[in-house]
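Take a look at the structure below.
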Amino acid sequence: MEKIWGQACAKLEKTVGPNNFNHWIKPLQLTALEDGVASFASPTRFISDWVNRHFADDILVELSRQGSPVERLRFDVGGKRPAAAANAASADSAPARPAARARTGGSRPDLGAPLDPRFTFGNFVVGKPNELAHAAARRVAEGGPVGFNPLFLYGGVGLGKTHLMHAIAHDYQSRHPAAEVLYLSAEQFMYRFVQALRESTIMDFKGMFRNVNMLMVDDVQFIAGKDSTQEEFFHTFNALVDQGKQIVISADRAPAEIKGLEERIKSRLSCGLIVDLHPTTYELRLGILQSKTEAFRAQHPDLEMGPGVLEFLAHRITTNVRVLEGALQRLFAHASLLRREITLDVAQECLADILRTNDRKISIDDIQRKVAEHYNIRLADMMGPKRARTVARPRQIAMYLSKQLTSRSLPEIGRRFGGRDHTTIMHGVRKIEELAAADHALAEDIALLKRLLEA
Ligand SMILES: Nc1ncnc2c1ncn2[C@@H]1O[C@H](COP(=O)(O)OP(=O)(O)OP(=O)(O)O)[C@@H](O)[C@H]1O
């Protein structure tokens, strides 16, 4: 067993990186490998929770590669040896996670994917960018007469589509315990369909899908270009709509924008209500950070978060909520291991890599648009020849900001301003530097534009 674990550790160190390995996996001691269950002694519950959440799949894979097929991990906290490895988690052990991605759940464990118990309406922070999607999701979850069918939720990566779908399922299920809700990804739909074809059980497949009360299909863009799966999806969809059953669909873009999706499906998907989750705003990000910090503090009252840290994160991490959550989790782990307050300096150091990749790339195009809008001139005047001061000055400001906020060279900037020479750009940049040094109002104007562009 020691040899297997030693070899698995050597691989894991590479897969998860030395830092993660030393922090989280090294402190674990493998105590038993029996009946497909690997049992570990863990020094703290925090470590076992963390490993279970973030590295369980890696560990399962590595142990299996070492010739020890494992389906489950269990953890015993405080160095106690597990009593019987196959038992359910004991009171002081972290709940073990089922094997890798074998997903079952909802009220159709044979067909669907599991619902994440954390993805509830109660845990969903509502703000301007998601209020419509949230309201529609709430309405569908009530399960009254089907108003809009399907509800089609779309938006960029990590903006809460899956969270909202699971919340609908939880809520609907609690109001209608006898109803059958089927939640699955479009990929799983295809997998089940192909399996049914292979095993000649297509009639069972059709029957099972058509007997649910609510069908939820996540990431529907996946079936684009997959003709027979689309065909089957279309029939399933129609059969359920005809029976007045609710359908909820999510995708990364609006139906009309999904390339390779049949027109008749696009038009079917567009029949109900289409709502998008907009990119987050600063206020929503801050709300989410505050809510997650409060939830964490409820379990770890000694967490000390310094002033301005959450505001700093909300300002700097603008990509998606998943990245924001990851950053916060890392800070929690840091605080809990080092028992130190999370100050702004600690946050900056601890999240240096995330912050670097989140530095927004501002384009010359963004700058020209924003400046033109601000000074109420036409965008074309940024490139055009007009020399009137009302046009030439904003153009020079845009040149100055392009030099300051992008990594473009002067000749490149010149090309983007209607093919001007690099010396013209240099002149413009210097002119604005001089003017702003003497003119307080202009300096303030430029600072405001910078803030708008960096937001
Ligand atoms: N408004 C919100 N309030 C609280 N948590 C949120 C919110 N929006 C997103 N999250 C969290 O962000 C993470 C990513 O959300 P989710 O998985 O729902 O995104 P998604 O839109 O389905 O992304 P993908 O396109 O990658 O499937 C989840 O942990 C979710 O709980």
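Here the Cβ of each residue, glycine as well, is placed from N, Cα and C on the backbone.
These features come from TrEMBL:
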- 1-84: region 'Domain I, interacts with DnaA modulators' (REGION)
- 86-103: compositional bias 'Low complexity' (COMPBIAS)
- 86-114: region 'Disordered' (REGION)
- 147-280: domain 'AAA+ ATPase' (DOMAIN)
- Gly158, Gly160, Lys161, Thr162: ATP binding site (BINDING)
- 363-432: domain 'Chromosomal replication initiator DnaA C-terminal' (DOMAIN)
Check the binding-site residues Gly158, Gly160 for other C-beta atoms within 10 angstroms of each C-beta and report the one with the most.
Gly160
Mean pLDDT over the region 'Domain I, interacts with DnaA modulators' (1-84): what is the value?
81
Given the binding-site residues Lys161, Thr162, which one's Cβ is surrounded by the fewest other Cβ atoms within 10 Å?
Thr162
How many of the residues that make up the domain 'AAA+ ATPase' (147-280) does DSSP mark as helix, as strand and as coil?
67 helix, 26 strand, 41 coil
List the residues in the vicinity of the ATP site, defined as same-chain residues other than Gly158, Gly160, Lys161, Thr162 with C-beta within 8 angstroms of the site's C-beta centre.
Gly155, Val157, Leu159, His163, Leu164, Ser250, Leu277, Val321, Arg322
